[in-house]
Amino acid sequence: MRSHLVKPGSVYDGIEPGELGETTESVQDRVRQLESRNSFLEEQCSQIESEKRYLENQKIKYEREIRKLQSELDRMKTSPLIIGTVIDVIKNDRIIVRSSNGPQFLVNVSQYIDEKKLLPGAKVALNQHTLAIAEVIPSTEEPFVAAMEVIESVEVDYDQIGGLDEQIQELQEAVELPLTSPERFARIGIEPPKGVLLYGLPGTGKTLLAKAVAHRTNATFIRVVGSELVQKYIGDGSKLVREIFEMARKKAPSIIFIDELDSIAARRLNETTGADREVQRTLMQLLAEMDGFDKRKNIRIIAATNRPDVLDPAILRPGRFDRLVHVPMPGIEARGKILKIHCEKMTLAEDIDFKKLAKATEGMSGADLKAIATEAGMFAVRRDKELVEMEEFLEAVEKVSMAADTQKMMPSNLPETMFV
């Protein structure tokens, strides 16, 4: 029986009611499947788009890396430039330069270079083929020279130096006052000393005095050991001397301290080897730099040596080292002061007699007295004591005395012709 709802001739004509319900459910199920499939495809499409963007970013990154590596490769393939020095500046962008090989050339200048930087003495880079000036090399301090400048404050003051009051006064007058109160010298009408030479036996406090000057002054303090100026290749020692004094001029007021001066300023002899001639070149450069000072330059020189007898007479004349300060071995009162200074931070017993210790240390230097204080403390540590007593100091005096006697005996027992 046909349903009264189905019109004759319609699309549902001839379909039973049960069959019509099944068809609707299958269509709805198919729609749900298609919607689910569509959602899945949309998610896949979104994921693919995300991967596409990531790959495009990676492509840009790798292309940038390729360009960077290609640029580095091209730079590595570029011909090196020759280092030269400007000798003279001529009109019409023409410069006379000396190459690193020695000969001089008249060359052109790139239009992109500031002509104000092209001064005689300036370092420039030259094209390998045309020798045209490609760039001006900025002046830099030699790292070896820059390391000689004392940056950190030295914790040594004059009150920590015993028995050298006269030497401290002479050092203050010759080094500190010209830098801190130059008007005093101008008022009297004299030029302050340009250099001070400290000489004396080892361990008497020469380097300690220089450290105290570094602590008391706000000037740039440049410390040089004489042996550092002795270089392997010809001209390197003279170059170091020039650069040290150039740094002192740039950072004035400044103090140059040359320790172990005898290593480069020994007396010049007629018979010399190649190494001796190089040391003499360094000495002559040092003499020239010291003569180049004038009263307008706030630069002072302190030197120390324990062999004044071997120094060249040229370096001892007035105008170079105007003041020679002898640092003697400490006397009995000075030894007592030095021992008290070195024992300030030590935990001492009440029976310590510094006068007795000063008498027992006859002929000892300040360095020996410091060693005595250290050894006395070591004896107390060994015995697990709370205080350092007189007993430890007497044992320390005996130990340091034996070491000093052994050291004195060693060179005297060697034959004079041993190293000939």
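Numbers run from 1 along the shown chain.
Backbone N, Cα and C atoms are what each Cβ position is placed from, and that goes for glycine too.
Per Swiss-Prot, the range carrying the annotation region 'Disordered' out of 1-25, 26-50, 51-75 is 1-25.
Across the coiled coil (22-79), the prediction's mean pLDDT works out to 86. Neighbour density for GLY205 (ATP binding site): within 10 A of its CB lie 26 other CB atoms from the protein chains shown. All protein chains included, LEU208 (ATP binding site) registers 21 other Cβ atoms within 10 Å of its own Cβ. Here the binding-site residues are LYS206, HIS342; the one with the fewest Cβ atoms within 10 Å of its Cβ is HIS342. In this structure, the binding-site residues THR204, THR207 were compared by how many other Cβ atoms lie within 10 Å of their Cβ, and the smallest count belongs to THR207.
If you take the C-beta of GLY203 (ATP binding site) and look for same-chain residues 6 or more apart in sequence within under 8 angstroms, you find SER365, GLY366, ALA367, ASP368.
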